[in-house]
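Undergrad: Swiss-Prot lists Asp485, Asp491 with the feature Mg(2+) binding site, giving sequence analysis as the kind of evidence. According to Swiss-Prot, the domain 'KH' annotation covers 552-611, on the basis of sequence analysis. Per Swiss-Prot, domain 'S1 motif' is recorded for 621-689.
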Amino acid sequence: MNPIVKSFEYGQHTVTLETGVIARQADAAVLASMGDTTVLVTVVGKKEADAGRDFFPLTVNYQEKTYAAGKIPGGFFKREGRPSEDETLIARLIDRPIRPLFPNGFKNEVQVIITVVSVDPQIEPDIISMIGTSAALAISGIPFSGPLGAARVGYIDGEYVLNPSVAQLATSQLNLVVAGTAGAVLMVESEAQALPEEVMLGSVVYGHDQQQVVIKAIAEFKAEAGKPTWDWTAPTQDADLVAQIKELAEAGLGDAYKIQVKQDRYAQVSVVKAATKEALLASNPSIDLREVDNLLGSLEKKVVRGRIIRGEPRIDGREPDMIRALSVLAGVLPRTHGSALFTRGETQALVTCTLGTERDAQKIDSIMGERTNRFMLHYNFPPYSVGETGMVGSPKRREIGHGKLAWRGINAVMPSAAEFPYSVRVVSEITESNGSSSMASVCGTSLALMDAGVPIKTSVAGIAMGLVKEGDDFVVLSDILGDEDHLGDMDFKVAGTRDGITALQMDIKIEGITKEIMDIALQQAYGARVHILNVMDQAIGSHRDDISDHAPRITVIKINPEKIRDVIGKGGAVIRALTEETGTTIELEDDGTVKIASSNGEATKEAIRRIEEITSEVEVGRIYNGKVIRIVDFGAFVNILPGKDGLVHISQISDERVANVSDHLELNQEVAVKVMEVDRQGRVRLSIKEAQTKETAAAE
């Protein structure tokens, strides 16, 4: 075994790429490390494509092993199970920039598996996973237009920071990941604290500039360790068939794409395609219909793009910077804590907000450590939203990714736990879809949060931008339709407030997207965002003054931290009795903060009263109503507060001489007692006769 190793400095860390020792039966295997965070990336591709396949079957599997962090998995089986949300998101992060770098017409199955085998808790494994994937594909021999670079960019104290540590990210106003080739940005994923457009654009340019060192190093690594490139050539098109299809279908497709209603348009496109196939089959019964479908798809793309470049109206008749008609409704569901229905053209989201206590927060235990999410956002895309049938069940990768993008868009305006001590779950049900459903979810979430009384800092809106570029000519499109997303060159989603951007996601399919084009897209998106915010604010301009009557109300009180154990009780008996008997939820924190949650105000008051009783100090000279709990020869023990007992000596029972305690007191008898003394050991001395004397004097 002769390892080939390439090391280089990248930001604050040393990156090492190694091949030739591990997983040698794969087409390529790279052990990539950044500091102590190490991933094993393997690539395997089939030498032949399966017959009849009309798509590129690329699979990216990202898996985090708990041994990488020196942990043993929880659960009964004590081994890793289905991918977590974080693993799914990182798999998508790797997939998105590499997919457009495979050549058109390449249909061979390719599988990339990234395994995290060692992790430094200060170095996220996503960037080194992207770098390792780029290196493995570069040396595999599989047709791939790499290398690809990747960088994380932070923004701290007005300065960009390359690949910030986890600790630095905690103070950063920006968490942006950018990936690209030597000449082009291909993918951006980010979360920001309402930063200006120029700062966001600058971070993309900065990250792309910095990752050139990665691209150069991988090119050198490939020169030393790369396998011969596969002998693969793209399938050639039948020029005569292309001409026939153009003659038969171009005019019909052009007319079909003037129909503004999506379902009607699709129906007419199907009619045109069916007529074209029928005509071709009549002249050549053995024609390959799969090839015809592919060529019709290419013609369809050319027709739509040509209209846009020529300055003609878009598919639905709009100008490039126009937003579809908006409908905004808040408070549409009677029993939810907050709700909204946001409609933009043929895209619609029904969004609900549910408030809960801290114990409802999501607890996440990953290889990067434990964390708690008080704000959750779940996105559902049922098949009926696009007029189709399909499976309904656990969320797919796309749904998880779209939900996280919407979460990033909103998270910057969420209140702190001190400002709003609730856990918040938002669910976005996409009820109609024709482009930009994730950004509709951002708008709907902002509205539903306000309807629920969540004190978010300001409204947030999202917009999806598109691009059509032919040579030096280009058109930036606002509020793209699903067809424009599919047929265009860029999907550019921006969420933010009036003051700045909170989330930016870009997926670019071509090279040649300049800084100028991205700047135009950002400025056009700003205008669209403000327009949407104006409409949203007419429906609900600020959060409700109070939360829903159906939501649990959390009351916060403070107790002496030393009294926490008294509230909990032995084996949790006291707090269990409190919650069961009052019907409330009670949470205790180490600093003495007590949170009582209930939708019943009287139950909350009763819980507070009982907690105050338990935690109150015995006051010397005060009269308490107590209960006799034990009788002894020399007196009786009386409970005056939960967990607080005192002794009434036989001489303090009555002014008269008492020979037998049982003649004057009995178990469970309620008596008034006065606290005479609390000694150094906390023992309480009580008196019944002094209490009676004080009560008699007060009556007189």
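If you go along the chain as it appears here, the first residue is 1 and each next one adds 1.
Glycine is treated like the rest: Cβ placed from N, Cα and C.
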Undergrad: Please identify which of Asp485, Asp491 has the densest Cβ environment, defined as other Cβ atoms within 10 Å, among these binding-site residues.
TA: Asp491
Undergrad: For the domain 'KH' (552-611), give the DSSP counts of helix residues, strand residues and coil residues.
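TA: Once the DSSP states are binned, the domain 'KH' (552-611) shows 32 helix, 16 strand, 12 coil.
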Undergrad: Helix, strand or coil at Asp485 (Mg(2+) binding site), per DSSP?
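TA: Where Asp485 (Mg(2+) binding site) sits, the three-state DSSP reduction gives helix.
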Undergrad: Which residue counts does DSSP yield for the domain 'S1 motif' (621-689) in the helix, strand and coil classes, in that order?
TA: 8 helix, 36 strand, 25 coil
Undergrad: Is Asp491 (Mg(2+) binding site) helix, strand or coil when read with DSSP?
TA: strand
